[in-house]
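Inspection log for the structure reproduced underneath, given as C-alpha cells.
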C-alpha cells in the first residue's frame, strides 16, 4: 500500500512533479541540441577502419591547403594558378582511365555572350548582357549504362577578393576531387560530369557557361556543393522536389542534415545570396544544393580561411556528397513525385520527408475532422451531464494572458529597436530567451492572479482545449499559404505536427468527459444538498489559486478514501464567483461548503458520494484523475517543444547575421524571433501556471539576465564582428582622387573606426558619412592612391582606362533619321579582367540600345576584326558586363547599336542641338588583387594601401569584404 501511495504521489498533478518534468524535458532538449551540433566532429574516418575514406579526407585537406593559400578571385592572377593546380590534379586522378575524359574551357577558348537577369536580385528590371570567357574544367566519367540520365557534380573554384575561399567554395572543390577519385575506382552505372567552374561570385557565370558545352546534354541531375557561410555542417539547402528529397533520405544514412525551412527562407529571399544551383534549376535540372550556411559575418571575409574551419566540416560535406553521388550513380531513381518537399533531420540520425502537397491534404483532413470530433464529444458530454459549465472569465483567461504576453513582448521589442537593434548578430540566444521567458512569466502572473480572485475548476483542460482552437486557426492560415504558394512554403510543417499532438490531447480530455458516468453529477448535487458542510480527514487543504490536483498527505488516507476524493475530479461544475469561494480543480468542490463537521461519516462503509458507483468505476476514474495529465503533457510538450525550438534555432542560426545587411533584414529577424518565441511557449502555457515558486523564480531571473544581455551588451565582438564593405573609386571624369567607400550598418559604428586610422587622424582628411537606403551608412574619404601596376616611372592613374571611339554615325548625313545608330568602342585597360558598360539616354525613359557586338580580336582598326558574338534585345539593354581571361590582352572591342528617339516614341520635334539621340556610356573597370605587391621605381609597394590600413588598424570587432566585384574601381564616361 505504501508503494502504491508513493507511486501515486510521484505521478500526481502537483507543482513539484510538473516543475521536475519540465526540467527533465528541457534538459533532454538541451542535450539533444548539443549532441546534434557536436556529433559530426567525432565521426572522422579512421585509417584502420576506413582506409579509403581516410585517404580521401587527408588528400582533400591537403588540396584545400594549397587552393586557399591566397585570395583567388576571377579578377586575379592567383585564379589562374588555382585553375592550373586543379587541372593538374584532375589529370593525375583520371590518369589513363578508359572511361574518363577531360575538357578545359581555357584551352578551348570557350566564351559566351548572353542576356542575363540579375541572379542576385530577381526584382531588378535592369537589362543586362554578359560576355564571359570561361576557364571551367570538366571531367566526364562514362557510365556502364550510358542510357541512364547523367549526374552533374559542380563547385566553383574562384573566391571573392577579400576571402581565401576555404568554405566558399574550396571545400566544395576538393570534395569534387575526392568524389572523382572515388568514382574512378568504382565506375558508376550512369555517366557523371564534374564541373570545376569559375566566376560564380559575380554572376554565376561558370554554371551558365556549362550549358554552352555539349556534355550538358548528358546530365539531368545535379549535386551542387557551395558555401554561403564559413564552416560547421553542410546542409541540404535546397532540393528540387519530393523525389529528390527521398533520394537524399535513402542515400545519406550517416549524419544527414537538412531542413526545408532553409529552402523556404532562401526562395523567400531572406538570405541575400545565390548559388550555381539556381542556374542549373532554371535550365531544367533536378538535384541537391548542399552548402555551408553559417556564420554569415565571416562569409566573404579574410576569416573564410583554413584556420577558421576544420577537417570535421570538410568531412561532413565530402561524405554527404559521396554518399549521395554513389547512390545516384549506381541506382535506378524513382522521380515521379515532383511536388515540393517538406523535410528535416532528427539530430543527424534520421531524415524525414513528406510531400508538401500531401502535407496540405493531411492539414485539410485535420482541419475538417478534429472540430467535428471535438464538437461531437462535447455534445455527448453535455447530454450525459459530465461537462462542466464554466463562466466567461474561465474561458477567457488563457487567451487573454497569451494576448497580454504578446503585447508586453511587442513593447520589449520596441526597446530593442531603440537601444540595441543589432543584438541578434552577437548572440540570438539572449533575445529569444528574453521573449520566451517574458511570455510564459506574463501568462503565469495573469492566470494565477485571475485564479486567486475568480478560481477556475479545470484550468488545465480549458487551456488545452483553447490551445487546440488557437492552433486550428493557425493551421487554417498556414494551409492557405501552402496552397496559394503552389506548395512552396515548405517550412510550415512544424505547425502541423504541433496541431496534431495538441488535438489528440484535447480530444482525450473530451473523450474522458464523454465517457464519464452521468450519475456522478447527480450524486454530486445530492451530496451538496444533504451534506453542505461535508468534510473528512481524507480531504486535504484546497489551494487558493484554484490549481488542478491536491498534494495529499498519503498517510492520512485509506484506499477507499483516496478513491472517493478522486471520484469528484472534473465532474462537478463549480466555478466560483469570488475569492471567498476557493475551488479545487481536481475535486470541483466549493471549499466553503466543506467545513469540518462531526456529522461527516468517518467509516469506510458510511453513506458518501461514492454511493451507487462500483469499485471498478472508482478505480478507473482515479487512474484518469491522477495520471491523465502526464499523457497530455507528453503529447503537448516534449515533441512540439523540441521541433519548435529546433525550427527557431534553424531560422536564427541562418539569419541572425543578416541584420548587418539592412533594416529590413533586422525587422525580419526580430519578427522571426518574436513569433518563434511565442510558438515555443505555446506547448507549456496550459501547464505553466502550476509550476512551483522555484521554477517561476528561475524564469524571472532568466528573463532579467536575458533582457539585460539583449539591451545592454555591444552587438559586435572579435568572434562576431560587424561586416563592412569596401571599395576604392577613381572617377577619371572628375579627377584622379582615390575615394574610399566604406558601407555598413547605421549606428555610429563606421565613423569612429575610420577616425582612428593613421592616414586620417594625422591629416585633415574629411570623412563624409551619409545614410543610404535600407538602414545602411556610406562613409567616404580620400584614401591613399592604389598601386595597381608595376612601373619604372610615376603611375598615372588616368592611363589605367582609356576609351577610344572607333566609329559613330549618329551625326552622319548618310544615316537615315529612321535608321539605328551604330558605334564602335575600344576600351584600353591594363592588367584587367572585368569591366562594365552602362548605357543611358537623357531623352528616353528606357535604354535605346538594341544590339551589342563583342569582337574577338581587339585591334585598333575595325577592318582587322572578326565578329564573334552578337546579341539583340527588343526591350533594350542597360548594361554590358565584360569578363576576359588574358591579362596581357589590354583591350575590349565593342559594337553598340541603338535606336534614335524618333523610332522609340515617333516624335518628330526638332533637334536643333543634335543631342536627343545621344547615348551616355559609363565605364567601370575592376581590380581585385590586394594581398600582393607592385614594383614602383624598384621598390615593392602594396597594391591597395588604403585597404591594408583598414585591415591593420580597425578593431577586431570589424571584418571587411568587397562592395563590388573588385576592390578598386576606375570609372570614366563618354557620350556617343
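Cβ coordinates are placed from backbone N, Cα and C, and glycine is handled just like the others.
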Range annotated as transmembrane segment - as stated in Swiss-Prot, picked from 287-307, 308-328, 329-349, 497-517: 497-517
Annotated N-linked glycosylation site residue, as Swiss-Prot has it, among 533, 571, 768: 768
Membrane_side_equal(residue 391, residue 966) from Swiss-Prot: no
From 142, 201, 274, the one annotated by Swiss-Prot with 168, 300 for Zn(2+) 2: 201
Correct range for transmembrane segment (source Swiss-Prot, candidates 607-627, 628-648, 733-753): 628-648
Segment assigned the feature transmembrane segment in Swiss-Prot (from 252-272, 462-482, 546-566): 462-482
Other residues, Cβ within 8 Å of 168, 201, 300 Cβ centroid (Zn(2+) 2 site): 159, 160, 163, 165, 169, 227, 299, 304
Candidates 16-36, 360-380, 393-412, 462-482; stretch with most C-beta pairs under 8 Å toward the transmembrane segment (429-449): 393-412
Cα-Cα distance linking residue 300 (Zn(2+) 2 binding site) and residue 212 (N-linked glycosylation site), given in Å to the nearest integer: 29
Candidate ranges 16-36, 393-412, 628-648, 669-689, 693-713 - greatest C-beta contact count to the transmembrane segment (497-517) (under 8 angstroms): 628-648
Chain residues in Cβ proximity to the transmembrane segment (669-689) (below 8 Å; excluding those fewer than six residues from its ends, i.e. six or more beyond): 18, 22, 398, 401-402, 405-406, 409-410, 413, 416-417, 421, 424, 428, 431-432, 435-436, 439-440, 443-444, 447-448, 451, 459-460, 463-464, 467, 470-471, 494-495, 498, 502, 545, 547, 629, 632-633, 636-637, 640-641, 644-645, 647-648, 651-652, 655-656, 658-659
Residue 121 (N-linked glycosylation site) and residue 201 (Zn(2+) 2 binding site), distance between Cα atoms, whole Å: 14
Among 121, 656, 768, 796, 811, the most crowded of the glycosylation sites [Cβ within 10 Å]: 656
Nearest recorded site to residue 656 (N-linked glycosylation site) by CA-CA distance, among recorded positions 168, 200, 300: 300
Pairwise CA distance, residue 796 (N-linked glycosylation site) versus residue 300 (Zn(2+) 2 binding site), rounded so that it is a whole Å: 31
Among 189, 300, 768, which are recorded as recorded positions, the nearest neighbour of residue 200 (active site, proton acceptor) by Cα: 300
Recorded stretch that, among 360-380, 393-412, 628-648, has the most CB pairs under 8 Å to the transmembrane segment (16-36): 628-648
